[in-house]
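To keep things clear, I will list the structure first and then write my remarks on it.
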Amino acid sequence: MNKNSSNTMALAPNTSNKRQTVCVFGTGDFGRALGHKMIQSGYHVVFGSRSAQTSSLIPKDAEVLSHAEAAQKAAIIIIAIQRQHYNFLTPLAEILQGKVLVDVSNNLKINQYPESNAEYLAQLVPGAKVVKAFNTVSAWALQSGTLDASRQVFVCGDDMEAKQMVMDIARALGLTPLDRGSLLAAQEIENYPLQLFPMWKFPILLSLGLTTFFFFYCLIREVIYAYVYENKDFSFFIAISIPNRICPVLALILLALVYLPGVLAAIIQLYRGTKYRRFPDWLDKWMLCRKQLGLVALAFASLHVLYTLVIPIRSFVRWRISSRTIALALNNKTEPLNTTNAWLSDSYLALGILGFFLFVLLGITSLPSVSNNVNWREFRFVQSKLGYLTLILCTAHTLVYGGNRFLSPSSYRWYLPNAYMLALVVPCIVLVVKFVLVFPCLDKPLTQIRQGWERKPQYSE
Ligand code: NAP
């Protein structure tokens, strides 16, 4: 649906764009793809090339001229050439005087050069108005029309009018231009396509490390121990039982790790008596990836729900229930209903269901399309208050799961407690410290500090 609409937009341009001439320097992959899209959108495209000969690859209806001839035909020139070849523009400086030069280039490494490519271009052709744009869109996406992943075009430049002209072209192509300010922002815009999920690195690595740890932990406790002491082969636990232990454990630990940096930040601010000193770098970075940590936690919680749903159809579970029933029948016994156990089991399930429901709600409100529609206070309410409620419910779900087996010596194997007991450490610390922090004797000074009040001004560091 979206795809169609984007293509329809691109193919049905604003008629005011009709026949406006745009020059593209370079007939490489990107120049051709952009030229093709602009012709589709109603622009007249002139290519400036080292070889003024057209080929079957050049879009039909486009002219191919020398750089100097092509530049004279348009007010906007898109430089679809690698930065290392920009010096060919120096002799053209006079012709390029007053023209809008669009720098679309990317580098191979983050901060590869001391100045951005767009600033370098502005230095080479000082009389031109340089605008940085289109570097976040790929030639392939332009050509195939699959612009869903990269519809946003960051635009920056020192000349407002030039920037506006480039943003109009982006809109006519079905893209979404975002004004990022002056040419000083170009370096950041050039670094953007080189980043690979920067905020996801820590959450993913952490969850991989924790998954590996808990996998071997559960393997030792549930499979190897049973094999050594009872000579039983429970290796099939690797398929469902162990993942269904790891998933809730990770969901709970990661959820607690979303709230732990906030608690640490509050302690640091209280200790320093000011909010005007930077947090340590590791804490800053941790706080910046809280949303990603929460989403990974939600993914583990969702897997836990799915694994739990298949428990009744597992062969091992059906065998255990039937063996128990048969044993009771053979011994002519019945088991009276244990109301305490029934309460524990129902409360455990109810807490899990409510916790998961709020977890999903938190995940949904972190989506940009939803968070853009709530104000800051509403967002904070959901992420902070409902977030803590989710953590309380999920921690309670785990505590009640332990029930009367909790801390029982018989549950230890090789002195190793159940994995869920380890999972409770971080959430309990977070909740206890948070509980202490809401006491008025701490909450009041903390609120004052966050409003700008300082106990002892310290500007060093
Ligand atoms: P390309 O296929 O290698 O094409 C570059 C073009 O530059 C060549 O076709 C050539 O055009 C021209 N050229 C090469 N050497 C030159 C020289 N010494 N002097 C003057 N012109 C020269 O590269 P591309 O993939 O189209 O990329 C072009 C620019 O777009 C790069 O800065 C790149 O970072 C940026 N970009 C590319 C993509 C993408 O998906 N490919 C995405 C975003 C941004 P003529 O033979 O016509 O002279």
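All positions are counted from 1 along the displayed chain.
The backbone N, Cα and C atoms fix where each Cβ goes, glycine too.
Sequence annotations record features per position, and here TrEMBL assigns domain 'Pyrroline-5-carboxylate reductase catalytic N-terminal' to 21-107. Summed and averaged per residue, pLDDT over the domain 'Pyrroline-5-carboxylate reductase catalytic N-terminal' (21-107) gives 94.
The annotation domain 'Ferric oxidoreductase' is assigned in TrEMBL to 249-394. Counting residue by residue with DSSP, the domain 'Ferric oxidoreductase' (249-394) contains 121 helix, 0 strand, 25 coil.
Under 8 Å from some Cβ of the transmembrane segment (204-229) lie the Cβ atoms of residues 197, 235, 237-238, 241-242, 245-246, 249-250, 253-254, 257, 293, 296, 300, 413-414, 416, 418-419, 422, all in the same chain and six or more residues away from its ends. The transmembrane segment annotation in TrEMBL covers 204-229 (among others).
Taken from TrEMBL, the feature transmembrane segment covers 249-271 (among others).
According to TrEMBL, the transmembrane segment annotation covers 292-313 (among others).
Packing against the transmembrane segment (347-365) from elsewhere in the chain are residues 251, 255, 294-295, 297-298, 301, 305, 371, 374, 379, 382-383, 386-387, 389-390, 393-394, 396-397, 400-401, 403: each is 6 or more residues past its ends and has a CB under 8 Å from a CB in it. Sequence annotations record features per position, and here TrEMBL assigns transmembrane segment to 347-365 (among others).
Residues or ranges marked as transmembrane segment by TrEMBL: 386-407 (among others).
The transmembrane segment feature in TrEMBL is assigned to 419-442 (among others).
In terms of DSSP helix, strand and coil, the domain 'Pyrroline-5-carboxylate reductase catalytic N-terminal' (21-107) has 28 helix, 21 strand, 38 coil. 249-271 is the stretch from 249-271, 292-313, 386-407 with the greatest number of Cβ pairs below 8 Å to the transmembrane segment (419-442).
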